[in-house]
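Per TrEMBL, the features are:
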| type | residues | note |
| --- | --- | --- |
| COILED | 135-291 | coiled coil |
| COILED | 327-361 | coiled coil |
| DOMAIN | 410-436 | domain 'UBZ1-type' |
Amino acid sequence: MDDPSDDPPTSAVLLDSCHFSQVVFNNVEKFYVPGADVTCYYTLTQNISARGKDWVGIFRVGWKTTREYYTFMWAPLPAAGHSDTAVQQKIQFKAYYLPKDDEYYQFCYVDQDGMVRGASVPFQFRAETEDDILVVTTQGEVEEVELQNKTLREENEELKASCANLRKQNVELQEELKKTQELQKSLESLRSNTEKLELELNSLEMENKHLKEQGDCREAELQQLREQIQDVTSEKQRLESRLKTALEHMDQLQSQVLNYEKEVENLSLVGQDKTEQLETLKEENQQLRLSTAQQLQPGAVALGFAIFPPDLPTPFLSQQHNLMKELEEQKHLFQVLQAEKDEADEESQKLRAENSALLRHLSQAAEFSPLSALPQARAPIPAPGAGGLLFGNPYSAAGGNPGAGAEASLRVCPMCEEVFPGDVEISQYEAHVQSHLLECPICTKSFEKSNKQVFEDHLLCHRLE
(Lines of atoms letter the chains of each structure in order from A and count residues from 1; the text may use other names and numbers.)
(Lines give C-alpha, C1' and ligand atoms only; values in the text may rest on other atoms or scores of the structure.)
Protein backbone atom coordinates (compact mmCIF):
# COMPACT_ATOMS: atom_id res chain seq x y z
CA MET A 1 0.00 0.00 0.00
CA ASP A 2 1.31 3.48 -0.79
CA ASP A 3 1.91 6.29 1.68
CA PRO A 4 -1.30 6.84 3.62
CA SER A 5 -0.78 10.60 3.51
CA ASP A 6 -1.36 10.41 -0.23
CA ASP A 7 -5.12 9.88 -0.02
CA PRO A 8 -6.97 8.56 -3.05
CA PRO A 9 -9.52 10.72 -4.88
CA THR A 10 -12.99 10.19 -3.40
CA SER A 11 -16.42 11.74 -3.78
CA ALA A 12 -19.69 11.98 -1.91
CA VAL A 13 -21.60 10.52 -4.88
CA LEU A 14 -24.20 7.97 -3.81
CA LEU A 15 -24.38 4.38 -5.13
CA ASP A 16 -27.21 5.16 -7.53
CA SER A 17 -24.93 7.21 -9.77
CA CYS A 18 -22.10 4.59 -10.01
CA HIS A 19 -21.35 2.13 -12.91
CA PHE A 20 -20.31 -1.25 -11.42
CA SER A 21 -20.15 -3.12 -14.74
CA GLN A 22 -17.07 -1.40 -16.19
CA VAL A 23 -14.64 -3.40 -13.97
CA VAL A 24 -15.28 -7.09 -13.16
CA PHE A 25 -13.57 -8.79 -10.19
CA ASN A 26 -12.58 -12.45 -10.73
CA ASN A 27 -11.81 -15.44 -8.45
CA VAL A 28 -13.05 -13.74 -5.27
CA GLU A 29 -13.00 -16.22 -2.37
CA LYS A 30 -15.69 -16.49 0.26
CA PHE A 31 -13.07 -16.48 3.00
CA TYR A 32 -9.57 -15.07 3.23
CA VAL A 33 -7.31 -16.39 5.98
CA PRO A 34 -6.40 -13.65 8.47
CA GLY A 35 -2.69 -12.78 8.62
CA ALA A 36 -2.00 -13.65 4.95
CA ASP A 37 -1.60 -11.45 1.89
CA VAL A 38 -4.63 -11.20 -0.43
CA THR A 39 -4.40 -11.01 -4.20
CA CYS A 40 -7.23 -9.27 -6.03
CA TYR A 41 -7.93 -10.23 -9.66
CA TYR A 42 -10.06 -7.98 -11.88
CA THR A 43 -10.75 -7.28 -15.55
CA LEU A 44 -10.86 -3.85 -17.20
CA THR A 45 -13.51 -3.84 -19.89
CA GLN A 46 -13.33 -1.78 -23.06
CA ASN A 47 -15.86 0.67 -21.51
CA ILE A 48 -13.27 2.16 -19.15
CA SER A 49 -9.96 3.90 -19.74
CA ALA A 50 -7.52 3.42 -16.85
CA ARG A 51 -5.81 6.53 -15.50
CA GLY A 52 -2.92 7.15 -13.13
CA LYS A 53 -5.04 7.98 -10.09
CA ASP A 54 -7.38 4.98 -10.31
CA TRP A 55 -7.34 2.77 -7.22
CA VAL A 56 -8.80 -0.42 -5.74
CA GLY A 57 -10.15 -0.28 -2.19
CA ILE A 58 -11.56 -2.73 0.36
CA PHE A 59 -14.93 -1.49 1.65
CA ARG A 60 -17.12 -2.86 4.43
CA VAL A 61 -20.45 -4.01 3.03
CA GLY A 62 -23.08 -1.24 3.52
CA TRP A 63 -20.82 1.66 2.54
CA LYS A 64 -22.48 4.82 1.14
CA THR A 65 -19.65 6.87 -0.39
CA THR A 66 -16.10 6.19 -1.59
CA ARG A 67 -14.72 7.99 1.47
CA GLU A 68 -15.64 4.98 3.62
CA TYR A 69 -12.82 2.69 2.33
CA TYR A 70 -10.87 0.57 4.83
CA THR A 71 -7.64 0.33 2.81
CA PHE A 72 -6.63 0.83 -0.83
CA MET A 73 -3.95 0.21 -3.45
CA TRP A 74 -3.18 2.25 -6.54
CA ALA A 75 -4.35 0.44 -9.68
CA PRO A 76 -1.52 -0.29 -12.17
CA LEU A 77 -1.91 1.02 -15.70
CA PRO A 78 -2.37 -1.65 -18.39
CA ALA A 79 0.23 -2.18 -21.11
CA ALA A 80 -0.02 -0.04 -24.21
CA GLY A 81 -2.15 -1.31 -27.12
CA HIS A 82 -4.90 -2.87 -25.07
CA SER A 83 -7.31 0.10 -24.95
CA ASP A 84 -9.94 -1.62 -27.17
CA THR A 85 -9.99 -5.03 -25.43
CA ALA A 86 -10.50 -6.35 -21.92
CA VAL A 87 -7.37 -6.45 -19.79
CA GLN A 88 -6.66 -8.77 -16.83
CA GLN A 89 -5.06 -7.04 -13.83
CA LYS A 90 -4.16 -7.99 -10.25
CA ILE A 91 -3.20 -6.24 -7.01
CA GLN A 92 -1.77 -7.74 -3.84
CA PHE A 93 -2.88 -6.33 -0.45
CA LYS A 94 -0.42 -6.83 2.38
CA ALA A 95 -1.73 -8.66 5.44
CA TYR A 96 -0.69 -5.82 7.76
CA TYR A 97 -3.26 -3.44 6.21
CA LEU A 98 -6.16 -5.92 6.02
CA PRO A 99 -9.16 -5.94 8.44
CA LYS A 100 -8.92 -8.15 11.54
CA ASP A 101 -12.65 -8.74 12.15
CA ASP A 102 -15.05 -11.19 10.50
CA GLU A 103 -17.32 -8.58 8.88
CA TYR A 104 -18.23 -8.79 5.21
CA TYR A 105 -16.08 -6.74 2.82
CA GLN A 106 -15.79 -6.28 -0.94
CA PHE A 107 -13.34 -4.94 -3.54
CA CYS A 108 -14.25 -1.70 -5.38
CA TYR A 109 -12.52 -0.08 -8.34
CA VAL A 110 -12.61 3.75 -8.10
CA ASP A 111 -11.38 6.08 -10.87
CA GLN A 112 -9.50 9.32 -10.27
CA ASP A 113 -12.83 11.26 -10.29
CA GLY A 114 -13.93 9.32 -7.20
CA MET A 115 -16.55 7.31 -9.12
CA VAL A 116 -17.01 3.55 -8.51
CA ARG A 117 -16.57 1.57 -11.74
CA GLY A 118 -16.80 -2.02 -10.35
CA ALA A 119 -17.47 -4.01 -7.13
CA SER A 120 -16.88 -7.65 -6.12
CA VAL A 121 -19.03 -10.11 -4.21
CA PRO A 122 -18.79 -9.92 -0.39
CA PHE A 123 -16.15 -11.98 1.49
CA GLN A 124 -14.84 -12.44 5.04
CA PHE A 125 -11.44 -12.58 6.72
CA ARG A 126 -11.66 -15.81 8.82
CA ALA A 127 -10.50 -19.42 8.74
CA GLU A 128 -12.62 -22.19 7.16
CA THR A 129 -14.99 -24.03 9.56
CA GLU A 130 -15.19 -27.81 10.13
CA ASP A 131 -18.43 -27.89 8.16
CA ASP A 132 -16.35 -27.67 5.06
CA ILE A 133 -14.26 -30.85 5.96
CA LEU A 134 -15.42 -34.34 4.93
CA VAL A 135 -15.44 -36.74 7.94
CA VAL A 136 -15.37 -40.61 7.50
CA THR A 137 -16.77 -42.68 10.38
CA THR A 138 -17.29 -46.53 11.06
CA GLN A 139 -20.58 -48.44 11.65
CA GLY A 140 -20.04 -48.60 15.43
CA GLU A 141 -19.48 -44.96 15.59
CA VAL A 142 -22.70 -44.45 13.58
CA GLU A 143 -24.71 -46.59 16.04
CA GLU A 144 -23.17 -44.75 18.96
CA VAL A 145 -24.07 -41.47 17.30
CA GLU A 146 -27.64 -42.66 16.70
CA LEU A 147 -27.93 -43.67 20.37
CA GLN A 148 -26.66 -40.32 21.38
CA ASN A 149 -29.12 -38.70 18.99
CA LYS A 150 -31.99 -40.72 20.55
CA THR A 151 -30.92 -39.65 24.01
CA LEU A 152 -30.63 -36.12 22.80
CA ARG A 153 -34.13 -36.32 21.25
CA GLU A 154 -35.59 -37.51 24.55
CA GLU A 155 -33.81 -34.74 26.37
CA ASN A 156 -35.05 -32.42 23.67
CA GLU A 157 -38.66 -33.53 24.27
CA GLU A 158 -38.22 -33.05 27.98
CA LEU A 159 -36.71 -29.69 27.36
CA LYS A 160 -39.60 -28.82 25.03
CA ALA A 161 -42.12 -29.79 27.71
CA SER A 162 -40.15 -27.82 30.28
CA CYS A 163 -39.95 -24.95 27.80
CA ALA A 164 -43.75 -25.09 27.30
CA ASN A 165 -44.23 -24.96 31.07
CA LEU A 166 -41.77 -22.13 31.29
CA ARG A 167 -43.57 -20.34 28.49
CA LYS A 168 -46.87 -20.81 30.28
CA GLN A 169 -45.34 -19.56 33.50
CA ASN A 170 -43.81 -16.73 31.54
CA VAL A 171 -47.22 -15.77 30.12
CA GLU A 172 -48.72 -15.85 33.61
CA LEU A 173 -45.84 -13.85 34.97
CA GLN A 174 -46.20 -11.38 32.12
CA GLU A 175 -49.90 -11.01 32.92
CA GLU A 176 -49.06 -10.50 36.57
CA LEU A 177 -46.33 -8.11 35.55
CA LYS A 178 -48.80 -6.28 33.36
CA LYS A 179 -51.26 -6.04 36.25
CA THR A 180 -48.44 -4.94 38.51
CA GLN A 181 -47.42 -2.31 35.97
CA GLU A 182 -51.03 -1.12 35.71
CA LEU A 183 -51.18 -0.93 39.50
CA GLN A 184 -47.87 0.88 39.47
CA LYS A 185 -49.20 3.34 36.92
CA SER A 186 -52.36 3.82 39.00
CA LEU A 187 -50.21 4.35 42.07
CA GLU A 188 -48.06 6.87 40.24
CA SER A 189 -51.19 8.60 38.97
CA LEU A 190 -52.55 8.72 42.52
CA ARG A 191 -49.25 10.06 43.76
CA SER A 192 -49.24 12.69 41.03
CA ASN A 193 -52.82 13.66 41.88
CA THR A 194 -51.91 13.75 45.57
CA GLU A 195 -48.97 16.02 44.85
CA LYS A 196 -51.17 18.29 42.73
CA LEU A 197 -53.78 18.41 45.50
CA GLU A 198 -51.08 19.20 48.04
CA LEU A 199 -49.77 21.98 45.81
CA GLU A 200 -53.30 23.33 45.36
CA LEU A 201 -53.86 23.09 49.13
CA ASN A 202 -50.65 25.00 49.78
CA SER A 203 -51.64 27.57 47.18
CA LEU A 204 -55.08 27.96 48.75
CA GLU A 205 -53.54 28.32 52.20
CA MET A 206 -51.17 31.00 50.91
CA GLU A 207 -54.05 32.74 49.14
CA ASN A 208 -56.18 32.52 52.29
CA LYS A 209 -53.32 34.01 54.31
CA HIS A 210 -52.90 36.75 51.73
CA LEU A 211 -56.64 37.48 51.79
CA LYS A 212 -56.57 37.69 55.57
CA GLU A 213 -53.70 40.16 55.37
CA GLN A 214 -55.60 42.16 52.77
CA GLY A 215 -58.69 42.05 55.00
CA ASP A 216 -56.67 43.43 57.91
CA CYS A 217 -55.26 46.15 55.67
CA ARG A 218 -58.74 46.99 54.36
CA GLU A 219 -60.06 47.14 57.92
CA ALA A 220 -57.27 49.56 58.86
CA GLU A 221 -57.98 51.63 55.73
CA LEU A 222 -61.70 51.60 56.55
CA GLN A 223 -60.99 52.82 60.08
CA GLN A 224 -58.75 55.52 58.68
CA LEU A 225 -61.46 56.53 56.18
CA ARG A 226 -64.00 56.69 59.00
CA GLU A 227 -61.70 59.01 60.91
CA GLN A 228 -61.21 61.11 57.78
CA ILE A 229 -64.98 61.22 57.23
CA GLN A 230 -65.45 62.34 60.81
CA ASP A 231 -62.79 65.04 60.38
CA VAL A 232 -64.30 66.13 57.06
CA THR A 233 -67.78 66.24 58.62
CA SER A 234 -66.51 68.44 61.45
CA GLU A 235 -64.71 70.66 58.96
CA LYS A 236 -67.87 70.82 56.86
CA GLN A 237 -69.98 71.87 59.85
CA ARG A 238 -67.42 74.53 60.74
CA LEU A 239 -67.38 75.81 57.14
CA GLU A 240 -71.18 75.78 57.04
CA SER A 241 -71.22 77.88 60.21
CA ARG A 242 -68.75 80.31 58.70
CA LEU A 243 -70.74 80.40 55.48
CA LYS A 244 -73.94 81.10 57.35
CA THR A 245 -72.26 83.92 59.26
CA ALA A 246 -70.80 85.33 56.04
CA LEU A 247 -74.21 85.18 54.35
CA GLU A 248 -75.85 86.99 57.26
CA HIS A 249 -73.13 89.61 57.16
CA MET A 250 -73.60 89.93 53.41
CA ASP A 251 -77.36 90.43 53.89
CA GLN A 252 -76.64 93.17 56.40
CA LEU A 253 -74.24 94.85 54.01
CA GLN A 254 -76.80 94.50 51.23
CA SER A 255 -79.37 96.21 53.40
CA GLN A 256 -76.91 99.01 54.14
CA VAL A 257 -76.18 99.38 50.44
CA LEU A 258 -79.90 99.62 49.71
CA ASN A 259 -80.25 102.29 52.38
CA TYR A 260 -77.30 104.15 50.88
CA GLU A 261 -78.89 103.95 47.46
CA LYS A 262 -82.14 105.33 48.81
CA GLU A 263 -80.31 108.19 50.49
CA VAL A 264 -78.40 108.88 47.29
CA GLU A 265 -81.65 108.87 45.37
CA ASN A 266 -83.20 111.30 47.86
CA LEU A 267 -80.11 113.47 47.68
CA SER A 268 -80.30 113.36 43.91
CA LEU A 269 -83.92 114.58 44.08
CA VAL A 270 -82.96 117.35 46.48
CA GLY A 271 -80.01 118.23 44.27
CA GLN A 272 -82.38 118.38 41.30
CA ASP A 273 -84.61 120.85 43.13
CA LYS A 274 -81.59 122.89 44.13
CA THR A 275 -80.36 122.82 40.56
CA GLU A 276 -83.70 124.12 39.31
CA GLN A 277 -83.60 126.90 41.89
CA LEU A 278 -80.04 127.69 40.86
CA GLU A 279 -81.07 127.90 37.22
CA THR A 280 -83.91 130.26 38.16
CA LEU A 281 -81.54 132.41 40.16
CA LYS A 282 -79.06 132.42 37.30
CA GLU A 283 -81.75 133.64 34.93
CA GLU A 284 -82.77 136.37 37.39
CA ASN A 285 -79.14 137.32 37.90
CA GLN A 286 -78.67 137.52 34.15
CA GLN A 287 -81.67 139.78 33.82
CA LEU A 288 -80.35 142.00 36.61
CA ARG A 289 -76.95 142.18 34.94
CA LEU A 290 -78.57 143.18 31.64
CA SER A 291 -80.68 145.86 33.26
CA THR A 292 -77.66 147.18 35.14
CA ALA A 293 -75.55 147.18 32.02
CA GLN A 294 -78.10 149.36 30.26
CA GLN A 295 -77.64 152.01 32.92
CA LEU A 296 -73.86 152.19 32.50
CA GLN A 297 -72.02 154.61 30.23
CA PRO A 298 -72.12 153.89 26.55
CA GLY A 299 -68.34 154.10 26.31
CA ALA A 300 -67.81 151.40 28.80
CA VAL A 301 -70.23 149.26 26.94
CA ALA A 302 -68.40 149.97 23.72
CA LEU A 303 -65.17 148.90 25.32
CA GLY A 304 -66.73 145.66 26.36
CA PHE A 305 -66.60 146.21 30.15
CA ALA A 306 -69.44 145.15 32.43
CA ILE A 307 -69.09 147.51 35.39
CA PHE A 308 -71.25 146.70 38.36
CA PRO A 309 -71.93 149.31 40.97
CA PRO A 310 -70.10 148.59 44.22
CA ASP A 311 -73.30 148.96 46.19
CA LEU A 312 -75.00 145.88 44.61
CA PRO A 313 -75.47 143.47 47.60
CA THR A 314 -78.91 142.58 46.46
CA PRO A 315 -80.86 139.71 48.03
CA PHE A 316 -80.50 137.87 44.72
CA LEU A 317 -76.76 137.61 45.02
CA SER A 318 -77.02 136.45 48.62
CA GLN A 319 -79.59 133.85 47.74
CA GLN A 320 -77.42 132.65 44.86
CA HIS A 321 -74.44 132.38 47.20
CA ASN A 322 -76.47 130.36 49.69
CA LEU A 323 -77.73 128.05 47.02
CA MET A 324 -74.23 127.48 45.70
CA LYS A 325 -73.00 126.73 49.20
CA GLU A 326 -75.85 124.34 49.86
CA LEU A 327 -75.24 122.69 46.51
CA GLU A 328 -71.57 122.21 47.42
CA GLU A 329 -72.61 120.65 50.73
CA GLN A 330 -75.01 118.33 48.98
CA LYS A 331 -72.31 117.43 46.50
CA HIS A 332 -69.85 116.73 49.32
CA LEU A 333 -72.46 114.62 51.11
CA PHE A 334 -73.12 112.75 47.88
CA GLN A 335 -69.40 112.06 47.50
CA VAL A 336 -69.20 110.81 51.08
CA LEU A 337 -72.19 108.52 50.57
CA GLN A 338 -70.76 107.37 47.29
CA ALA A 339 -67.43 106.53 49.00
CA GLU A 340 -69.27 104.63 51.73
CA LYS A 341 -71.24 102.82 49.10
CA ASP A 342 -68.01 101.91 47.23
CA GLU A 343 -66.49 100.61 50.47
CA ALA A 344 -69.62 98.55 51.11
CA ASP A 345 -69.41 97.20 47.52
CA GLU A 346 -65.74 96.30 48.02
CA GLU A 347 -66.48 94.54 51.30
CA SER A 348 -69.43 92.76 49.68
CA GLN A 349 -67.12 91.66 46.84
CA LYS A 350 -64.62 90.26 49.36
CA LEU A 351 -67.42 88.43 51.17
CA ARG A 352 -68.60 86.99 47.86
CA ALA A 353 -65.08 85.75 47.09
CA GLU A 354 -64.84 84.21 50.56
CA ASN A 355 -68.31 82.71 50.07
CA SER A 356 -67.22 81.15 46.75
CA ALA A 357 -64.08 79.74 48.37
CA LEU A 358 -66.14 78.27 51.20
CA LEU A 359 -68.56 76.72 48.73
CA ARG A 360 -65.67 75.16 46.78
CA HIS A 361 -64.18 73.85 50.00
CA LEU A 362 -67.55 72.38 50.97
CA SER A 363 -67.97 70.76 47.57
CA GLN A 364 -64.49 69.19 47.89
CA ALA A 365 -65.29 68.01 51.41
CA ALA A 366 -68.55 66.47 50.20
CA GLU A 367 -66.58 64.18 47.85
CA PHE A 368 -64.92 62.49 50.87
CA SER A 369 -68.09 62.14 52.95
CA PRO A 370 -70.77 59.73 51.66
CA LEU A 371 -73.02 60.87 54.56
CA SER A 372 -72.94 64.53 53.56
CA ALA A 373 -76.35 66.17 53.52
CA LEU A 374 -75.12 69.49 52.12
CA PRO A 375 -77.31 70.72 49.24
CA GLN A 376 -75.69 69.96 45.94
CA ALA A 377 -76.35 73.41 44.40
CA ARG A 378 -77.00 76.91 45.60
CA ALA A 379 -78.62 79.82 43.87
CA PRO A 380 -76.19 81.68 41.59
CA ILE A 381 -74.70 84.77 43.21
CA PRO A 382 -74.47 87.50 40.54
CA ALA A 383 -71.31 89.55 40.52
CA PRO A 384 -71.79 93.25 41.27
CA GLY A 385 -72.05 95.47 38.28
CA ALA A 386 -70.04 98.55 37.55
CA GLY A 387 -72.43 100.66 39.64
CA GLY A 388 -72.54 98.37 42.71
CA LEU A 389 -75.37 96.17 44.07
CA LEU A 390 -78.34 97.77 42.36
CA PHE A 391 -80.58 94.69 42.04
CA GLY A 392 -81.55 94.03 45.64
CA ASN A 393 -80.78 90.76 47.40
CA PRO A 394 -78.60 88.57 45.10
CA TYR A 395 -80.29 85.43 46.50
CA SER A 396 -83.78 86.55 45.51
CA ALA A 397 -83.60 84.07 42.58
CA ALA A 398 -83.72 81.27 45.15
CA GLY A 399 -86.58 82.76 47.15
CA GLY A 400 -84.30 84.56 49.62
CA ASN A 401 -82.84 81.30 50.92
CA PRO A 402 -79.10 80.86 50.12
CA GLY A 403 -79.41 77.11 50.55
CA ALA A 404 -82.38 76.60 48.26
CA GLY A 405 -80.97 73.84 46.07
CA ALA A 406 -84.35 73.11 44.44
CA GLU A 407 -84.30 76.49 42.57
CA ALA A 408 -80.57 76.42 41.80
CA SER A 409 -81.17 75.53 38.17
CA LEU A 410 -83.46 78.57 37.54
CA ARG A 411 -82.54 82.19 36.86
CA VAL A 412 -84.86 85.07 37.83
CA CYS A 413 -84.60 88.54 36.35
CA PRO A 414 -84.05 90.98 39.27
CA MET A 415 -86.04 93.68 37.41
CA CYS A 416 -89.18 92.02 36.13
CA GLU A 417 -88.88 88.74 38.08
CA GLU A 418 -89.17 86.73 34.86
CA VAL A 419 -88.01 83.14 35.38
CA PHE A 420 -85.50 81.58 32.93
CA PRO A 421 -85.00 77.77 32.87
CA GLY A 422 -81.55 76.35 33.47
CA ASP A 423 -81.10 75.35 29.78
CA VAL A 424 -81.33 79.00 28.62
CA GLU A 425 -77.93 80.39 27.65
CA ILE A 426 -76.30 82.89 30.03
CA SER A 427 -75.83 85.40 27.22
CA GLN A 428 -79.60 85.47 26.60
CA TYR A 429 -80.27 85.97 30.32
CA GLU A 430 -77.68 88.78 30.55
CA ALA A 431 -79.09 90.48 27.45
CA HIS A 432 -82.55 90.44 29.05
CA VAL A 433 -81.26 91.99 32.28
CA GLN A 434 -79.22 94.57 30.32
CA SER A 435 -82.40 95.67 28.52
CA HIS A 436 -83.71 97.02 31.86
CA LEU A 437 -80.58 99.15 32.53
CA LEU A 438 -79.17 102.53 31.51
CA GLU A 439 -75.39 102.77 31.54
CA CYS A 440 -73.50 106.00 32.31
CA PRO A 441 -71.12 106.79 29.43
CA ILE A 442 -68.65 108.46 31.82
CA CYS A 443 -68.24 106.12 34.79
CA THR A 444 -70.02 103.00 33.27
CA LYS A 445 -72.43 102.75 36.20
CA SER A 446 -75.81 101.16 35.53
CA PHE A 447 -79.28 102.42 36.51
CA GLU A 448 -82.75 101.00 36.13
CA LYS A 449 -84.80 102.39 33.26
CA SER A 450 -87.65 102.98 35.69
CA ASN A 451 -85.38 105.47 37.56
CA LYS A 452 -84.55 107.58 34.55
CA GLN A 453 -84.57 110.78 36.63
CA VAL A 454 -81.85 109.36 38.89
CA PHE A 455 -79.80 108.56 35.79
CA GLU A 456 -80.19 112.15 34.49
CA ASP A 457 -79.23 113.58 37.92
CA HIS A 458 -76.17 111.36 37.86
CA LEU A 459 -75.18 112.78 34.47
CA LEU A 460 -75.76 116.34 35.81
CA CYS A 461 -73.39 115.67 38.67
CA HIS A 462 -70.72 114.75 36.13
CA ARG A 463 -71.31 118.02 34.31
CA LEU A 464 -71.07 120.04 37.57
CA GLU A 465 -67.76 118.38 38.34
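Each residue, glycine too, has its Cβ placed from N, Cα and C.
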Remote residues contacting the coiled coil (327-361) - C-beta distance under 8 A, at least 6 residues beyond either end: 239, 242-243, 246-247, 249-250, 253-254, 256-257, 260-261, 263-264, 267-268, 270-271, 274-275, 278, 378, 381, 383-384, 388-389, 461, 464
Just to confirm my parser: what is the rounded mean pLDDT across the coiled coil (327-361)? 81
Please list the DSSP helix, strand and coil residue counts for the domain 'UBZ1-type' (410-436). 9 helix, 4 strand, 14 coil
